[in-house]
Amino acid sequence: MSRERWLVVGGQAAGQLATVATLPLLTRILDPAPMGLYQAAFAIGVILQPVASLRLEFLLPAVRGDGELRRLVRFSTWSQVICGVLAVALFAILALVGEHDAGQIALMSGLVMVAYAWTVVDNALLVRQGAMHRLAVRNLLAGLLTAGLQILVALTVPNIFLLALSILIGRAAAILLTRRRTELDIASAADQAEDVPWTGSRAIYSVLSGLVSSASLQGLTVYVTAGFGAAAAGAVGVAQRSASAPVAFLSQGLSQYSQAKIAAVLRSGEGEARREILHQIRGTLPIALLATVGLAVLGPLLAPFVFGPGWGDVGPVIALLALPIGLQLLLSPVMSVFVMLGRERLLLVVQVVRLAISLAGAFIAQLVTGDVLLSVLGFAIGTAFGYAFTLIAVWRLIRES
């Protein structure tokens, strides 16, 4: 693996591991029910992030013209502002009608959604520039600042809303500390070739596919909240986040590196994109295998000591999710190629099929057994089959490219 790839991946992984490291403290201070509300809000916020970012984080690295770049960034900025205002309005409405738990979830989801959307869009500008060092520093700072704020909240004023607010403040500080004033002045006069038009139709398909993609794993916590209650969702949410968060953001680091390489090939019009995509998959395979085995073996062994009494289901859930998380890590670095090549409709079909298979597995297991762990197993099996279908779609796409 190249030094640049290690730099980005290492910064991302270290920053997010710092955030996840706060979970053992939170599980000892907060009961499963409020923790379940926070985890449900976190999952919903991550699922809705594509609405706020308009999935432009996948398109921006491949944009050639400076004018088009600025136009797309403005679209995303307004989308984030509107989504934040809507979340606050929904919170106010739910509070007025007495739905306090739902109102808290709405407000916290809005904070998480805006925090993640702002980060991925601003990071896409660094990816486009090839500013891997600043990207690594930003990823690390975002995790460390968020973790520090959440620890401060847990030790002084334990409050789930303040935990969500810490995510927004930590990420905002990391962005501002690593941003340059001339961030958008990055297109040369000779690099003004015509881009594939970004239309309303492309935006709709891209956002929908992003929603479905986020729901593929984050949706498990929401599903358990609806089917088994907040306490069960607390255990599943802690397990899912502690297992998938470091891997997911490791995956995000790999994706940022892969986007930079693939986008450079597509912008130049030289070389073979298929070869570069295969190279990225091969480079990710050893990491995906290591993550899968590590989660399956270490999850059940370490969870009782890490999270304390009252969280007995966390270890088994981590082990059950090991394979689908590993498959996500393997394939996510090359998923952006669908958007770069203007194949958002195909990407949406792939994501919908995968989510449908995952939810069908969970629903059938719940219907037959009524057991939380077996429902998680059904979800995991369905997700694994869904990623196999995704792999076939990626292979066919790169053969056509």
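Cβ atoms are placed via backbone N, Cα and C, with glycine included.
The stretch that TrEMBL tags with transmembrane segment, taken from the ranges 137-154, 227-244, is 137-154. Just going by CB pairs under 8 A, the stretch in 36-56, 77-98, 284-306, 346-368 that sits most against the transmembrane segment (374-398) is 346-368. Looking at 36-56, 77-98, 284-306, 318-339, the range that has the most CB pairs within less than 8 A of the transmembrane segment (346-368) turns out to be 318-339. The stretch from 77-98, 284-306, 318-339 that makes the most Cβ contacts under 8 Å with the transmembrane segment (36-56) is 77-98.
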